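Scroll down for the structure; my scribbles are underneath it.
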Amino acid sequence: MSSAPTPTDPAHSADDDAAAFADLGLRTELLKALSVLGYEEPTPIQREAIPPLLAGRDLLGQAATGTGKTAAFALPLLQRMPDDRSGGDPVSLVLVPTRELAVQVSEAFHRYGKDLGARVLPIYGGQPIGRQLRALDGGVDVVVATPGRALDHIARGTLRLGALATVVLDEADEMLDMGFAEDIEAILEHAPAGRQTVLFSATMPARIDGLARKHLTDPERIQIERERPVAGEAPRVRQSAYIVARAHKPAALGRVLDVESPTAAIVFCRSREEVDRLTETMNGRGYRAEALHGGMSQEQRDRVMGRLRAGTADLLVATDVAARGLDVEQLTHVVNYDVPSAPESYVHRIGRVGRAGREGVAITLAEPREHRMLKTIERVTGQRITVDKIPTVADLRTRRLELTQAALRESLLEDDLDPFRAIVESLTDEFDLVEVALAAVRLAHEATLPGTADEEEEIPQVAVRPAREPRPGYDGRDRRGGGRPRSGGTTQVFIGLGRRAGVRPQDLVGAITGETGVSGRDIGSIEIADRFSLVEVPYGVADEVIQGLRGSTIKGRKATVRRDRDGDGGGERRFDGDRRERRGRDGDGGERRERRDRW
Ligand code: AMP
């Protein structure tokens with residue numbers, strides 16, 4: 001590939017962005033969509049995966065969420081759609097572990113494939129099947145499905161796989177963890193033999209390797225961690241991360257910056273669109289933020305850099321391409337508004353601070369699902385990223401007082417205070433000296449507060465699970481055999497739907513992982529009785545799980561969800577000793593229960 005454009009190019013433009021993707025062989029309609037989205041260059045996984053996928057090769061990719069893997073497979077699949085799509089059966093099937101991902105991936109297909117007229121349909125458990133039947137009946141090109149629901153439709157004859165050119169298994173390790181192995185095998189058996197098969201997985205345990213060996217033909221292998229020379233190159237900067245839901249990211253960024261009070265900071269975003277949006281948001285919150293991206297002329301960029309150097313701007317919101325080669329002495333903080341798409345990119349970004357012995361801070365805002373990518377970055381850089389709690393309103397107030405105190409101390413040491421002496425002396429005739437000082441401190445403090453200070457709200461903390469190093473299953477061990485850390489203990493969550501409602505373990509796991517930041521492998525044993533289910537989860541995330549499930553449906557129904565009361569002897573349900581069978585009689589002589597430890 002030709003060398004990537006840099007900010008020193010006299011006229012880097014949206015055309016240059018398109019060129020970077022065009023080099024991969026993508027067609028005009030897709031290039032246009034990417035340009036509208038403001039993607040400036042392919043991520044490493046896209047650079048490596050798109051050409052072989054366009055050529056029809058099978059592919060085995062090791063990549064986690066946040067690497068840009070969805071576009072890596074979606075773009076080639078869209079390009080390979082036949083021009084004549086008068087037949088209504090799908091040409092691509094993407095299997096994903098959760099409903100959340102089904103929706104996300106189909107939205108991505110939709111965004112990229114709009115100009116190609118791609119008809120994309122997500123199908124997952126929990127959504128009324130009638131709507132899915134009608135959509136399937138009307139004809140679709142791409143189906144993005146959770147395995148259980150896909151199999152339901154195949155069995156009904158409503159999802160026909162005869163025209164499939166490509167099957168993608170996305171987050172394959174998660175799907176196996178969730179007990180979908182058999183469903184996946186059954187689906188692949190129904191798919192045409194000559195199809196292209198693509199498998200993406202964040203980890204490559206033996207079971208994934210087995211699946212790949214069985215179903216992929218001479219696959220191209222891609223691993224985004226492959227380039228290791230970055231280890232040791234990363235500068236010594238304080239590195240921390242905050243786990244935060246997407247909706248709370250702007251507020252979290254503001255809070256973290258308020259507490260850190262950087263001299264100057266650069267905030268990295270993935271796309272031009274996000275740069276523009278965030279710049280506007282941060283200006284609205286009282287920061288002096290400037291955008292820097294590849295869609296701007298060199299002159300505009302020079303002006304922005306001038307303002308940053310002169311101290312009339314204190315926040316630079318930028319894309320990777322635009323910030324390449326940038327060296328600003330004042331920079332103290334680098335913020336990754338999203339987890340970078342590859343460890344190399346992380347290292348380049350944080351290299352903007354901590355130069356020449358200066359101190360630097362690197363902060364990453366990660367969505368719950370991107371937690372794993374942080375681990376990958378840690379492993380590749382050999383450096384720790386501390387996951388911190390988002391500062392609370394109380395933390396912020398304390399910090400602001402500290403800053404006022406520091407400013408006063410500085411003033412006491414440096415400033416010529418004589419012009420104010422007369423004021424203090426005349427006030428002390430009337431008031432106590434300390435009272436006068438207090439009033440002055442208050443005025444000084446209030447003058448530093450942004451107009452929004454009274455409206456500060458708590459930002460919800462997302463529970464972070466303990467680090468799993470080494471990860472169970474990473475070395476090929478079967479995860480079901482244990483190895484999951486039990487620190488903090490577990491508790492059971494009661495869900496008022498069971499077998500009679502058609503609930504299966506994967507529905508519960510799907511609902512939990514789809515609605516919360518909890519990963520499939522943090523979920524312990526699942527028991528499904530006729531009318532209720534019990535799911536074992538770590539104590540620390542039980543509330544998050546309960547809230548998430550209360551806000552969603554399982555098998556299309558709302559369920560009662562609460563902490564299991566079995567342990568406290570109260571409640572409407574009673575179990576008998578170790579056998580934990582239901583007391584009382586059902587038609588079939590006691591409620592049937594299915595227990596699947598580690599499903
Ligand atoms: P994924 O790893 O597929 O979940 O993608 C992570 C995020 O990166 C998504 O929000 C994408 O929209 C975004 N993204 C993917 N590829 C690019 C790119 N080349 N440039 C900018 N953003 C991208």
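Keep in mind that glycine also has a Cβ here, set from the backbone N, Cα and C atoms.
Features as listed in TrEMBL:
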type     : residues : note
DOMAIN   : 19-47    : domain 'DEAD-box RNA helicase Q'
MOTIF    : 19-47    : motif 'Q motif'
DOMAIN   : 50-222   : domain 'Helicase ATP-binding'
DOMAIN   : 252-397  : domain 'Helicase C-terminal'
REGION   : 451-492  : region 'Disordered'
COMPBIAS : 466-481  : compositional bias 'Basic and acidic residues'
REGION   : 557-599  : region 'Disordered'
COMPBIAS : 561-599  : compositional bias 'Basic and acidic residues'
Write out how many residues of the domain 'DEAD-box RNA helicase Q' (19-47) are helix, how many strand and how many coil, based on DSSP.
18 helix, 1 strand, 10 coil
In the predicted model, what is the mean pLDDT computed over the domain 'Helicase ATP-binding' (50-222)?
92
Where DSSP helix means H, G or I and strand means E or B, what are the helix, strand and coil counts for the domain 'Helicase C-terminal' (252-397)?
69 helix, 26 strand, 51 coil
